[in-house]
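Asks: A single structure is presented below for examination.
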Amino acid sequence: MATQLLVLTTFLAVTCSLVVAFEPSPLQDFCVADATSTVARVNGLPCLDSKLVTADHFFFSGLHIPGNTSNPVGGKVTPVSVAQLPGLNTLGISLARIDYAPMGVIPPHTHPRATEILTVLKGKLNVGFVTSNPENKLFSKVLKKGDVFVFPVGLVHYQQNLGSGTAISLSSLSSQNPGVNTIANVVFGSNPAISEDVLAKSFQVDKSVISDLQAKF
């Protein structure tokens, strides 16, 4: 009995010390990204020496400038993530301005590391996301200026400008590096290319259709 009690006491002591040692919150005021560091990256970017940090590391200018929507989809994303704003490192948040040409779209895509909350600043947008298999349920909504919509992390979603004029939205994302996988680019524009046989079977179309699609990406 005494031996069992000793083992239990030791286990509890070790467990408590591990719990106390774990701290999910930041242990410093900030960790400005040092993109030039050669230190191995565990999850994120290494911290710049705090003595070298200036106000400019927390500053970004240019979000008032319209994005160039002269592209096949008629949409342009201007991100403000850790790559553009080093002070975001470890803070778990980022921002993006999105410009839309008339009837322009942001094609179906996912953010593997972030939930996105979108606010319409100008125009009228059709937005939506699709749930995972097997339901694949579409949740969609038409938004006007001032409306807000949220896209849960990892789910396929899209935006479309329904107006005859330009539209603008602003998105906040729950990661300093949310990532983006545009479905068409991933499937038809991978490097090296996914086999035409695989894609033709998956989409149940002729291989010539797949070949035409891959040529566009």
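Each residue, glycine too, has its Cβ placed from N, Cα and C.
Unlike curated records, TrEMBL annotations are generated automatically.
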Asks: Name the residue from Cys16, Cys31 that TrEMBL records as disulfide-bonded to Cys47.
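Replies: Between Cys47 and one of Cys16, Cys31, TrEMBL records a disulfide, namely with Cys31.
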Asks: Tell me the Cα distance separating His109 (Mn(2+) binding site) from Cys47 (disulfide bond), rounded to the nearest angstrom.
Replies: 30
Asks: With the Mn(2+) site defined by His109, His111, Glu116, His157, which remaining residues of that chain have Cβ atoms positioned within 8 Å of the Cβ centroid?
Replies: Thr110, Ala114, Phe129, Phe151, Leu155, Val156, Pro178, Val180
Asks: Same-chain residues six or more away whose CB lies under 8 A from the CB of Glu116 (Mn(2+) binding site)?
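Replies: Val150, Phe151, His157, Ser171, Ser172, Leu173, Ser174, Pro178 - these are the non-local Cβ neighbours of Glu116 (Mn(2+) binding site), listed in sequence order.
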